[in-house]
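> Sharing a structure with you now.
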Amino acid sequence: MHLLDWLVLVLTIGGIVLYGSWKGREAKHSLKGFLLADRELPWYHILLSVMATQASAITFLSVPGQAYTDGMRFVQFYLGLPIAMIVLSVTFIPQYYHLKIYTAYQFLEERFDSKTRILTSFLFLIPRALSTGVTIAAPSIILSTLLGWDLTWTNGITAAVVTFYCILGGSKTISYTQLLQMGVVLAGMVIAGIYIILSLPEEIGMKESLQLAGKMGKINLIDWKFDINNRYTIWSGIIGGFFLQLSYFGTDQSQVGRYLTGHTANESKKGLLLNGFLKIPMQFFILLVGILVFVFYQFNQAPIFFNKSTELHWETAKGHEAIDQKNKAIFLQKKEKEKELIAAINQKQADQIPILKSQILDLHAQQAKIKEKAVDLLKSQDVKADSQDTNYIFLRFIVDHLPIGLVGFLIAMILLASMGSMASAFGSLTSTVMVDIYQRFIHPHGTNEHYWWSSKMVTLAWGIFCLIVAQFSVNMGSLIEVVNILGSWFYGTILGVFLCAFYLPKTQGGDVFWAAIIAEAFVIYAWKIDLMAFLWLNVLGCVMVVILAFTFQWIGQITQAKP
């Protein structure tokens with residue numbers, strides 16, 4: 001990057017971190033101050049904090065790439081969110097505030113018993129720690145691509161910086177920092193979208209871009225087919241997405257800990273309800289930016305490999321010249337056909353549109369085969385080629401095509417998004433260990449100062465663990481899908497436990513405990529044999545827990561009724 005980019009990057013991140021640290025200095029040296037910001041934040045803090053927690057660097061790296069390769073159907077993933085926020089505001093939040101709890105799992109001991117609380121805590125800790133490791137890997141991809149650093153070192157530096165930031169500031173600093181982070185993030189995406197449109201050929205505007213993307217099958221917003229093996233349909237989004245989002249926002253401490261910082265239950269409700277109705281437009285816009293990047297590369301030749309390290313190997317591979325020449329020839333031919341297609345659409349030449357569309361799709365298929373040949377060529381020369389480079393697409397566009405200064409701002413945007421979600425994750429992991437395990441079972445009579453310092457040490461331990469996970473996360477394909485799949489393994493089971501607590505008043509702790517263990521084992525088995533798309537695992541786990549717990553309760557009642 002240019003010196004100006006580094007200056008913009010450092011000043012943007014440094015200024016926001018300093019502001020958050022300055023605002024967070026007033027938090028008390030206690031568990032409540034460190035974990036819940038003394039419970040005094042207004043609704044707009046809740047709104048931006050929960051949005052920043054969910055919208056990590058993975059969102060802004062992987063979602064545009066997801067749209068580039070798979071179209072906009074991923075937006076269906078969020079269709080169940082508004083319904084989930086309504087249910088959450090009516091059911092969960094009043095109970096949490098009434099009991100004045102620090103974590104969601106405290107409620108389970110009040111309702112059931114300690115073993116159910118511990119089991120559910122561990123079901124949360126496992127996916128949250130693993131997905132946080134994946135979150136660390138996402139910005140490391142940025143640094144390794146820009147600077148050529150080894151991913152091991154970049155993961156280490158990223159984890160160290162964020163862990164230090166979490167230890168230093170606590171929940172209040174996190175919330176105030178996230179307030180500005182979301183402003184920078186949204187501004188960055190708007191600027192990127194505008195710049196892409198201005199960079200297209202003179203005759204190609206927003207209307208023509210959407211027309212072309214639509215003919216290429218990228219504006220695939222809604223799929224009405226009911227297919228449990230299809231990841232993204234309206235049914236998996238509304239039904240499976242509802243269960244996932246209700247579990248994520250209602251039982252995942254990384255989100256529960258954000259809205260428990262609200263001054264009152266009504267402040268938390270306002271923030272969550274607004275999040276439910278603003279999140280879908282935000283995700284739509286991020287996907288739209290990915291579509292615009294796709295259109296940009298229809299008129300500007302895309303690299304065979306978006307991962308720069310793989311491209312460096314490609315440029316020195318024997319025999320790459322012939323493949324490059326063929327790829328360029330196909331690109332030029334496709335570019336002309338796409339211009340002809342847009343002209344045919346504007347001139348309403350209905351007979352020419354399907355012919356040109358078929359020709360363009362055939363050229364796309366030829367380019368895909370060329371990439372396969374390139375991967376095979378590198379492998380034949382003992383070079384590990386990363387063909388799953390979805391996560392590099394938007395980043396590569398930023399580095400290669402944005403002007404000096406704006407590159408630094410967009411990189412700062414992605415890093416700030418990462419910092420916000422990682423800080424919330426570390427805070428939630430620390431809260432669960434400190435409140436549900438350490439304070440409850442190991443050291444129940446400590447002082448405020450003791451718990452304050454212990455929380456910092458636990459945060460450090462989680463930073464080290466998540467760094468280890470990050471080392472194994474960089475070659476997993478679309479990171480946004482990895483995180484959502486990890487959540488789907490456990491969120492349904494956790495949600496089932498909470499639904500039993502709220503809606504099955506006669507169920508006992510033992511009923512729910514064994515129902516959760518059996519359901520979780522079956523969910524993992526269903527995923528292993530690829531029984532259904534991952535969003536439906538949330539429904540499976542939740543329904544199994546409720547049905548099994550009710551069955552165990554019924555059997556228990558019959559047994560007790562016998563003389």
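Any Cβ shown, glycine's included, is placed from N, Cα and C.
Here's the feature list from TrEMBL:
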type     : residues : note
TRANSMEM : 6-22     : transmembrane segment
TRANSMEM : 43-63    : transmembrane segment
TRANSMEM : 75-97    : transmembrane segment
TRANSMEM : 118-142  : transmembrane segment
TRANSMEM : 179-198  : transmembrane segment
TRANSMEM : 232-251  : transmembrane segment
TRANSMEM : 272-297  : transmembrane segment
TRANSMEM : 404-430  : transmembrane segment
TRANSMEM : 451-474  : transmembrane segment
TRANSMEM : 486-504  : transmembrane segment
TRANSMEM : 511-527  : transmembrane segment
TRANSMEM : 533-555  : transmembrane segment
> Look over the recorded stretches 179-198, 232-251, 272-297, 404-430, 511-527 and say which has the most C-beta pairs under 8 A to the transmembrane segment (75-97).
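Between the stretches 179-198, 232-251, 272-297, 404-430, 511-527, 232-251 has the largest tally.
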> What stretch, picked from 179-198, 232-251, 272-297, has the most CB pairs under 8 A with the transmembrane segment (404-430)?
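The listed stretch sharing the most Cβ pairs with the transmembrane segment (404-430) is 179-198.
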> Within the same chain, where does the transmembrane segment (272-297) have neighbours whose Cβ lies under 8 angstroms from its own Cβ atoms, ignoring anything closer than 6 residues to its ends? I mean 6 or more beyond.
43, 46-47, 50-51, 54-55, 59-60, 63-68, 71-72, 74-75, 77-79, 81-86, 88-89, 93, 186, 189, 192-193, 196-197, 199-200, 204, 209-210, 212-213, 216, 218-219, 249, 259, 393-394, 397, 401
> Taking a Cβ cut-off under 8 Å, which residues six or more beyond the ends of the transmembrane segment (486-504) line up next to it in the same chain?
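The answer is 91-92, 95, 104, 107-108, 111-112, 116, 120, 123-124, 126-127, 130-131, 134, 243-244, 246-248, 250-252, 511-512, 515-516, 519-520, 523-524, 527, 534-535, 537-546, 549-550, 553.
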> Top stretch among 6-22, 232-251, 511-527, 533-555 for CB pairs under 8 A with the transmembrane segment (118-142)?
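Maximum Cβ contact count belongs to 511-527.
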> Would you say the transmembrane segment (6-22) and the transmembrane segment (533-555) are touching, if the rule is that at least three C-beta pairs must lie under 8 angstroms and be 6 or more residues apart?
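When sequence-distant Cβ pairs are counted, the transmembrane segment (6-22) does not touch the transmembrane segment (533-555), since fewer than 3 lie under 8 Å.
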